[in-house]
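Structure first, commentary second.
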Amino acid sequence: MASRTRSESPLEPRLYAGAGSRADHPSLVLMLSVVMLVTCLEAAKLTVGFHAPWNISHPFSVQRLGAGLQTVVDKLNSEPVGLGNVSWEFTYTNSTCSAKESLAVFIDQVQKEHISALFGPACPEAAEVIGLLASEWNIPLFDFVGQMAALKDHFWCDTCVTLVPPKQEISAVLRESLRYLGWEHIGVFGGSSADSSWEQVDEMWGAVEDGLQFHFNITASMRYNSSSSDLLQEGLRNMSYVARVIILICSSEDARRILQAAVDLGLDTGEFVFILLQQLEDSFWKEVLTKDKVIRFPKVYESVFLIAPSAYGGGIGDDGFRKQVSQELRRPPFQSSITSEDQVSPYSAYLHDALLLYAQTVEEMRKAEKDFRDGRQLISTLRAGQVTLQGITGPVLLDSQGKRHVDYSVYALQESGNRSLFLPFLHYDSFQKVIRPWRNDSNTSWPHGSLPEYKPGCGFHNDLCKTKPPTVAGMTVTVTAVIPTVTFLVLASAAAITGLMLWRLRGKVQSHPGDTWWQIRYDSITLLPQHKLSHRGTPVSRRNVSDTSTVKASADCGSLVKRHQDEELFFAPVGLYQGNQVALCYIGDEAEAWVKKPTVRREVCLMCELKHENIVPFFGVCTEPPNICIVTQYCKKGSLQDVMRNSDHEIDWIFKLSFAYDIVNGLLFLHGSPLRSHGNLKPSNCLVDSHMQLKLSGFGLWEFKHGSTWRSYNQEATDHSELYWTAPELLRLRESPCSGTPQGDVYSFAILLRDLIHQQAHGPFEDLEAAPEEIISRIKDPRAPVPLRPSLLEDKGDGRIVALVRECWDESPELRPIFPSIKKTLREASPRGHVSILDSMMGKLETYANHLEEVVEERTRELVAEKRKVEKLLSTMLPSFVGEQLIAGKSVEPEHFESVTIFFSDIVGFTKLCSLSSPLQVVKLLNDLYSLFDHTIQSHDVYKVETIGDAYMVASGLPIRNGAQHADEIATMALHLLSVTTHFQIGHMPEERLKLRIGLHTGPVVAGVVGITMPRYCLFGDTVNMASRMESSSLPLRIHVSQSTAGALLAAGGYHLQKRGTISVKGKGEQTTFWLKGKDGFPVPLPEFTEEEAKVSEIL
């Protein structure tokens, strides 16, 4: 019988102080014993490691999910399942989500605690490196939170399994559901509000867009980051103009807000559909499905589809599991401060099932007399489907890659007896990848009795409906007469179209939509301004590429670089595409013709299909002139050349070897692909991502980029310093293939490896006093007694690496080694001891990353500061959208507005007031007054045009149109300004009362930006003159309005107008005008009309 700890509880914390920096971390050894009767055999003891942060603020905190382990043991004790003579011990030490500390904890658990399996890690910072180390040490790793996504290829972690279904699975369910229901046009709406703790938006958003973009028409994609109901409502209103089927990617709290906004907008009529995606959350939507708390459903829920796992809320014992975990967490040793079941992490259920699955697998292997301590054999048993489990999270069955498959259901409000409930409507089989009706008698209660259409009958813009022709007596005769003619034309057209299609097929021109899935719409990429990025240099705009400085594709569409005389590097434009940061490499407009070639299209498709961790991901190309460009993943650290150049100290040997490994692995993949070789290998084409992993770029698409697959190195415009890494046999050719040769890649690797050894950022021949043209001439000279090569010092690195470099740059291509043998040599030259390598690498990585960030910050601080000054100044002069267009280098076209309302005001007696005041006092007076005005108008939908002296000009209805609200907005604002003016006190003349006179007029105007130096947003038209006349003919403390404004206010209702009479207006003759006296319910006092004035006027 396995021994217990000293207390009566089977779970007791044991605190100890570890070595070094872990002395102050809470450590916990969870002693969980399965006590079984033993006859003659000695009990087997298995110690299992557990990795999760202690801090309760973390969503994967031990204090939120740790008791999931104890519940497993309680079940095994109370419900024996024949696990034999085994006792279990779980050890835990806080690693605070630090990759370095997690490594130390894991190594300590393996070497001292002799753990047989690891559950975790729960933090993404440590997942990849611990997964690799666990695979190296043959220790099974159970990922219960889905952090092993970085190791997508199970080859890299062949002892890992993941119990959380991948988010790509729910995207596939959504895709098949939309196909089944026949909905082709969709909108995507969602985000994360300030008070929402949902952290899956980015990952889920990317998975959904990746799964839908090539199969459906995404008419709108809107994200929010605010909890403002007004903003949500405005975004949903805009979405409703172009989409009837709306996919919501958000938390359950935000989903309820959005559905309420739909009710407020009148979108609950049954014409709109809201599809909610649910992966792990247990709050509101679980209550909906389990009918726990929701009794009555609002009408809008009849328009809701919910996609969730089929076992969502229905696992064995699920009803009481969260309650049990919550109770255990509040007891020792966890002593969690959680106060309700809602604070228990839903991942505790996956932790529970992971441990139970491991226990059952151990027992199955014991029965089969297999070594359950062999991690690979144990994981192979799981991947073979030999062990299944009906757990808290539903059926647990793993595929051959160690990933869990979960069936999903589509839930809808259906009739069940005499009430409506959310019940399964469709069922998705994750193994067969098909979707079927849940049952034949399901009766979904849509408001209009049938499934809604994905678009209105006449289209969103009424463009699908035509006016019906008049029905006259002779119409039938006319139509009948033209039927033969129309029939002939239709048949002739069909024959012509058929012939054209056959001709195109014979010419092998690929034209069906499936052949252009790699095309990216340029407007689907959001270009990021510099201050939002943390990379060195400045993005090069499309317009700047053709200036007088030398432009080169340093990474051949991996990272466009622009060189100036001071050798400062400027990176390619960076944008956001489908949630990914991407780099854009612009190609000449002549590529529009090249991309139509079948060979180019096939190669673009091939580039999209190349997937390897050491290859820069290729997203596609934009083919719309003048923005023809190649879109690849953005690598934050720049190129290998930048890493070497910006390093103030010698790069550690472990990093150099790591970079060399990455290059070799990438080239091995390329040489085994249809591309066969790289052809342009050099430091600027070796990009480094934020994880310091090297990825190759700059290969392929030669015909698309240059119009030919051949190139000449003898052109005068060639930058010879870029040819240092090109093999001499290729340099000697009059025309050589752009893709190079495998032997040429070996030579390029040798020069590149020598650059790494010597860490020379300015080329391998920087210590040779000769022009680049001369160096290239000497390299390709076949008669040279000793071929020219860069200097190579023996003491700079391992002797085997130096010898490898010499072999790889051999003059004879046939004598150069191949990359499999190069990889073997690198492995043999690597230091021994995996623990020390990984520990050292993590420490160096943190130091190196911090150093690079300091360099980035230092080099960009001044540029960012200057740019902010310009943007701030521009925002005070022009409307925001005008400023954005000017910054983007676009011209701002004048715009005609059919109806706006303009406000003019000035100060009565301002000239006399100025004569009694000093210039400084006048400036202070105007600043105080117009600062008060500026603050007041912020609560109205108006735009301040300008101030000239004591004149103040405001307009509504532009630059953003607001329908018929402009007169209402200006009138209410004028009343507020008149009210605040009566209480305004002049600083240097407190006894004086400031008197404002105001004029309003409504009519059409033209607005535009005038000038290049100090540009202004100006208004033109007779409406401006008339508004000025209304102000100049007004009286003190009065609002003078024209007849057109009065009509608009009467239509709006609630305003008190008084007829002034007929006055003479310059240039307009006699005009009937009015006084604006007030408004119903206006909350602040206004100056009163005198009785004498009232006698003259007639109240309407």
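Backbone N, Cα and C define each Cβ position, glycine as well.
Since we're looking at a predicted model, the values are computed, not measured.
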Candidate set Asn85, Asn544, annotation N-linked glycosylation site, source Swiss-Prot, matching residue: Asn85
C-alpha spacing of Asn94 (N-linked glycosylation site) relative to Asn225 (N-linked glycosylation site), in angstrom: 32
Close in space, distant in sequence - Asn238 (N-linked glycosylation site), Cβ under 8 Å, 6 or more apart: Ala220, Met222
Whole-number Å value for how far Asn94 (N-linked glycosylation site) lies from Asn217 (N-linked glycosylation site) (Cα to Cα): 47
Structural state census, the domain 'Guanylate cyclase' (901-1031) (DSSP three-state): 52 helix, 41 strand, 38 coil
Neighbour tally for Asn55 (N-linked glycosylation site), based on other Cβ positions within 10 Å of its Cβ: 13
Rounded distance in angstrom between the Cα atoms of Asn55 (N-linked glycosylation site) and Asn94 (N-linked glycosylation site): 9
Densest Cβ neighbourhood among Asn94, Asn217, Asn225 (glycosylation sites), 10 Å radius: Asn94
For the topological domain 'Extracellular' (44-481), the mean pLDDT of the predicted model: 78
